[in-house]
Amino acid sequence: MTVTTKPPGAESHTTELTVIPSRLLDGSTNAVDLKRDGTDQEPPSPVVGVPSLVPVNQDGRPVATEEEIATLLHVVDDIPSRTWIACLIGACERFVWFAGTMPLQNYIQNAPGGAIPGALGLGQATASNIVNALMISSYVTPIPAAILADSGHGRYRTLVWSCIIEAIGGTILAATSRSGTFEAEAALPGMIVALVFLSFGSGAFKTAVIPFIVDQYEETEFRVKTLKSGEKVITSRELTITYIYNAFFWAENVVAVVTVATPILERYVNFFAAYLVPCVVMWLTLIPLLLAKKRFANTKMVEENVIPAVAKALWCGATSGFRMDAAKPAAQLDRKRRVVPWTDSFIDDIKTSLLTCRVLLIFPVYWLCFNQAFNNLISQAGQMITYGIPNDVIMPVSLSAPLVQYGLYPFLIRRRIGFGPIARITFGFGLLTISMAYIVIVQHLIYRTGPCYDHPLACAAGRNLPNKISVCIQLPFYFLSELASVFCCTTGTEYAYNRAPKSMKTLVQAIWNLMAGIGSILAMPLSPLAQDPRLVVMYGVLTGLMGVGTVLTWAIFGHLDKEESTML
């Protein structure tokens, strides 16, 4: 940034301000370079007799100096209210998704009139496959949605239209889940149409909502802030974004508490009442989204569609020995006699995005294991004594998110202990491995308990009753898996946003979401094992895959927390 001063009777002087890197929570260096001339020269010394002007933001806080950045404590900045409104909208949509999908396993698997609520009676394997297909669709949709969000429509308009599509899907699902539709054979086709709308709406929404939330925090520079105690600190954009991600994740946990209403309504009223709740909430979510339009930042931000250029650049790199540097204009002109429409910095952006995506490639195994909570573990709960609690009241609510955000992270920051994104992801993978190993033990205990042993709910002696083991034995899995998601899911989302170039943020976010879809695809070949008495084997296979993924993540990418590597 260049500051020009001209005291009365004096000649104008130009002074450059440069912010240098500082080690943050992840142990890496992240800086906001305010120089504009592209040189590496030191800023000129202040001119005697010329007053020093320090750039300040709208709150009057000055840009931090080199010494202040290096010595003062880095803290989370003040977050504008529009960010919290965007978080609320995102949390409401997550409620609709969770509340709408939680009863699906029972709705599809079980027949009406049984001990466990049901409607279609298609069996566990078919139900799990349909739920997995829904997951796949909702995580593939973000790719075309990202193109719209980053180009023609913009993120705000993408959110509005995706809300409407998801609300229509919720309306169809509620309307076709009324008891009269079962006899008219409208429930199954109605559900299929509804799931198409839900998957498209939710997929488009979640690919745009994270970048949109972060867009509401516009500060990009290190600023000096004076606390009430008089201590001077530095506000850090990276720490602030991490805080926003964790707050949004915790909001998802809070709304998960409310989603227990749908399984309760399913069990004690009917499926229509259960599905009516998310339907109404989705339509209501449109109200703050539309009313707060003028308060939101970047509602009209539309980027050029970079997908065609990215595809051509990748092709040039692939046909030149799979080296992206060979796709740069000078290299293409020299080797191929070809003039390309992009710049060197555009190729560097693609390389950064590819490196980010490579780190995310092990996440399908994470989602394969984590998503068991939405299908097979619901069925597992139905094999045990539930004390009148619906078996699909998933227990994802965890205090781990605020404990990590307000306890662990501040502790590490104040002691300047590096805990980078790769370390956090690896730690989370390890926790999920332990939780899956625990589920193997739980399923083994179910099979060792009567009256039906390894065929729960399916023997004459059981009379359609569960095995005599408490559903509370599942609780440690939910605690460990949710703690794992604090480190894996939030860090993965943050990593996908922070490491992606501006013109490709929503696209990289869509690829991050696609990893969950691939995880659901991986679940399909395992569906023959998703039935008694083979479930111990299935959970054992998942535990092994997650363990291998944990080791590979640290072995391949652990060094990225300490160094900047191109790898391409």
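Note that Cβ sites are derived from N, Cα and C of the backbone, with glycine treated the same way.
Curation plays no part in TrEMBL annotations; they are all automatic predictions.
What TrEMBL records for this protein:
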- 158-176: transmembrane segment (TRANSMEM)
- 188-214: transmembrane segment (TRANSMEM)
- 243-265: transmembrane segment (TRANSMEM)
- 271-291: transmembrane segment (TRANSMEM)
- 355-374: transmembrane segment (TRANSMEM)
- 394-413: transmembrane segment (TRANSMEM)
- 425-447: transmembrane segment (TRANSMEM)
- 510-530: transmembrane segment (TRANSMEM)
- 536-557: transmembrane segment (TRANSMEM)
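Within the chain, the transmembrane segment (510-530) has long-range Cβ neighbours (under 8 A, six or more residues past its boundaries) at 124-125, 128-129, 132-133, 135-140, 142-143, 145-146, 203, 206-207, 357, 360-361, 363-368, 370-371, 375-376, 492-493, 496, 537-538, 541-542. Remark: the transmembrane segment (355-374) makes no contact with the transmembrane segment (271-291), by the rule of 3 or more CB pairs under 8 A. Across 243-265, 425-447, 536-557, stretch 243-265 shows the highest tally of CB pairs under 8 A with the transmembrane segment (271-291).
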